[in-house]
Ligand code: DMJ
C-alpha cells in the first residue's frame, strides 16, 4: 500500500506544480487546458477565457492607443549579448566529489528539481552519443550523395534535377516570363557547379576532381539565357571562386583536391561570367544594377527598372573576391557603388531600407523592411564583406543597420531567456515609419540567428532560432511564409531551403550545446520522411498536406546537405582552428586570409594594420561560451556532452511552442 500513496503523492505534487506554473505564467505542460492563441506581444492574457478574448484585440502597434505592450527594443547589440541564465531544469552544480540525485537525474532523464518531469530537458539536453552523431553525419552524406548521383545520372548537363520523374530541367524557353525558373537556370549545369565545394568538404576528392574537370570541359556561359544577376553571382560565380581557392590552397586540408595541370581555369570562368554580368551596372542612374542580364546580349531592352535590395546589394563578397584575386578593381567597384547607393537611400528616421527600388529614380517601390525576402543577404554581406576584406565602412554600415533592426523590427520582451511578455520576433515594418505592415515572417529570415552568432549576439540568436524550430516541429518543414498571428502557413511551400539548418549549425558551433544536434537530427529525419522521392528530394508544395513539386533546387546540395553534414562532422577541417572559413550566402566556403585584404588599387592598409584588424574582428565575432555546469566535471563518469542545460529555458521553449500552435 505504501507505494500507492507514494505514487499518489507524486501525482498530486506534479499536479500542484503544473497548477502553480499555469496560474503564475499561464504556462506549463499541456494538460488539455490550453487553446491556441495568436501572438500579440503583451496583449494576450493567458488566464483562461479572459485570455482568449483579449487575444483577438489588435496588437498595440497597430493602433490601440494606451494599450501597454513591449516597446521596440532600444538596447545596443552589446547589451543584448548577455549570457543566458541557467534554466529551471538545470541541475545544481555538485560540490567536489559529490553528485546530488537531482544532478544525475536531470542529466540522465530530465527530472527537474522539484520532482516534475521536464519534457524539454528530457528530450533535448540529454547526451548525443558519438555513435549517433556519426550515424547522422552519414545520413547527411547519404542525402547529398543520393541527390547528387541522381542529378548526374538523370539530369546533367541540364541545370536541375526533377527528382520525381528522374529528368533534367533547364531554362523555360517557352515562357520567358517564368522568372521562378529562368532567373536561376542559365543552361550552365547549375547543380553541378553549385555542389563543387560540398564534395570537397565531404572529403570526396575523386568526385571533386572529376566534377571540376567536367565543369572546365563542358560548362560555358556563352548562352542565350536571361538570368538574375544575384542568382548567377551567388550560385555560380561564388562556387567557382570557392572551388578555385580549394584547388590552389597549399595546405589541402580536405585531402588532395588539386587538379593536374590546373591553370586557373575556374578563375577564368568566374571572370568570364562576371564580365557578362557587368552590363547590369551600366546605364543605371543610381549605380544600382538591373536585376537581369542576358549572358550573350546584356540587359534586355524591355528590362524592368525595379530590383530588390538583396539582389542588388549582395554582390560584394563574390565581386570583391574576384577583383582581389585578379587585381582588377572593376568588379568590386561596381558592387560597392551599388551598396553605397542603396545605403544612402535609407530612411533618415528609421535607418531602414525598403525591399524594392527603382534603379533609375532611386524611389522605393517596396517600402517593406524586414529580415527576409528582398533584404536578407544585404545585411549578411555588409558583415561578411568586412570579415573578408576588412574595410571599416562595411562594418560601420552593418552596425548601424543592426541597431535599426533591433530598434524597429524587434518586438517582444527585452531578454529572451528571462522576464515576462512575448518572446522576441522580428516583424516587417514600413521603412519610413517603423509601423508594422503584416503579421507574417518568411522562411528566409531563419538565416538571421546565424548572422547574430557571427557578431556574438548569442541570446537573440537562440531565441529567434527557437521560434523557427517550433514552426519546423509543427509542420516538419518551414512554410515559405508563416502568419504568426493566425498561426497558419500563409504561403505553404517549402523548397528544401537551408536557412534553419544553417543557423542550427552556427549555433552549435558557438554553443556546443547538444540541443542543436537534436534539432539537426529532427530536420534530417523530417527531410527523409517528407521530401525523399524516387530520384532525389522534392520541394514540398504544401507543408500541411505534404504534397510535392517535381523540383530540387541547387541550394539543397550546396547548402542544406552541407550544413547538415558539417553539424554532425565534428572533425571537419572547416572547424579546425587555423582554418578560418567563412560561408557565402550560398554556403560556399572561402578562407579568410590576408590575401583577400590586399586591394592592389588601395594601398591604405599596411600589413600591420591588417593584423590589427584581424584581431579586432576576432574579438568582435568571438562567440559567447554557453557551456554551463563546468563544475560538474567532478562527476567524471558523465561524458562532457551531457553537461549542458537547454540553451533556452524550457518554460520559454514551451511558450514558443504554444505560440506556433504546436502544443
Ligand atoms: C540561397 O540561394 C541563398 O541562401 C540566398 O541568399 C537566399 N536563399 C537561398 C536558399 O533559400
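Residue numbers in this text run from 1 along the chain shown.
Note that Cβ sites are derived from N, Cα and C of the backbone, with glycine treated the same way.
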Correct range for region 'Disordered' (source TrEMBL, candidates 62-96, 97-131): 62-96
DSSP three-state assignment for residue 376 (active site): helix
Contacting recorded positions for ligand 1, chosen from 231, 480, 585 when the Cβ sits under 6 angstroms of any of its atoms: 585
Distant-in-sequence Cβ neighbours of residue 480 (active site, proton donor), under 8 Å, six or more positions away: 442, 443, 489, 491, 492, 493, 494, 495
Distance [Cα-Cα, Å, rounded] between residue 499 (active site) and residue 585 (Ca(2+) binding site): 10
For residue 231 (active site, proton donor), nearby residues of its own chain (Cβ under 8 Å, 6 or more apart in sequence): 183, 184
Rounded inter-Cα distance in Å - residue 585 (Ca(2+) binding site), residue 376 (active site): 9
